[in-house]
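*Asks:* Below are the structure tokens for one structure; questions will follow.
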């Protein structure tokens with residue numbers, strides 16, 4: 001059985017002066033080597049959840065537990081932040097070094113890590129995100145996707161238990177989004193890194209292992225991407241869309257082209273269409 005890395009139990013939070021709760025009785029767990037996506041329209045509670053996980057706010061009720069032992073509180077917030085690494089929305093706002101290597105080692109320098117160990121962590125982190133060839137590059141020479149991969153490397157160098165992506169692809173072009181999503185998938189499948197992605201990008205969510213839908217501060221549904229995106233009517237009712245490949249597959253089925261699988265990527269859909277065509 002996989003180790004539980006993060007446990008959210010019955011958390012609720014209400015902003016001062018607000019008439020309703022931003023989050024109400026939310027519970028879920030995140031396990032080692034798992035990639036979970038949280039989706040929902042604006043006002044669903046996604047941003048509030050990110051702030052709670054980072055310790056910017058504390059829940060009014062319920063608990064947040066990391067590694068089965070550490071409960072988030074005013075006393076433990078700094079220890080929890082060492083275990084949870086966050087990558088945010090704007091890649092330019094996260095780049096603090098004059099070169100890629102300066103940026104990645106920034107956090108390591110702040111904790112006084114010995115130089116030899118720092119160099120080892122730097123090399124490992126850049127290899128994980130496939131940016132080792134850009135060691136001395138300046139930020140202005142990098143694409144948005146490359147900057148986010150460097151931001152991920154900076155977090156990984158600190159070796160947190162959990163990587164949280166807070167709308168980390170929302171300001172990127174399609175190529176940049178693909179780069180980051182491919183990097184995250186490799187980190188999960190090849191290195192067993194645990195990832196929580198808070199996103200409005202359904203193409204990104206479709207690549208994760210599990211999807212949780214937040215709606216008006218509560219969990220509406222939870223399951224595999226295949227299960228979630230089959231319910232296109234439910235998603236549309238709460239203001240969400242479905243991945244483009246799912247839309248195309250539904251149109252094909254209406255035209256009596258019988259597909260065997262749920263397709264979350266265009267590549268998967270094209271492959272099945274090719275197989276069907278080859279049988280004719």
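The backbone N, Cα and C atoms fix where each Cβ goes, glycine too.
Marked as domain 'ABC transporter' by Swiss-Prot: 6-241. The feature ATP binding site is assigned by Swiss-Prot to 40, 41, 42, 43, 44, 45, 46, 47.
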*Asks:* At a 10 A cut-off on CB-CB distances, which of the binding-site residues 40, 43, 45 has the highest count?
*Replies:* 40
*Asks:* By the DSSP assignment reduced to helix, strand and coil, which category contains residue 47 (ATP binding site)?
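*Replies:* The residue in question, residue 47 (ATP binding site), is helix (DSSP, three-state).
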*Asks:* With H, G and I counted as helix, E and B as strand and the rest as coil, say where DSSP puts residue 40 (ATP binding site).
*Replies:* coil
*Asks:* So if I draw a 10 Å sphere around the Cβ of residue 42 (ATP binding site), how many other Cβ atoms end up inside it?
*Replies:* 8
*Asks:* Using an 8 Å cut-off from the Cβ centroid of 40, 41, 42, 43, 44, 45, 46, 47, can you name the remaining same-chain residues around the ATP site, in sequence order?
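*Replies:* Apart from the listed residues, the neighbours are 214.
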*Asks:* Counting Cβ atoms within 10 Å across all protein chains shown, which of the binding-site residues 41, 44, 47 comes out on top?
*Replies:* 44
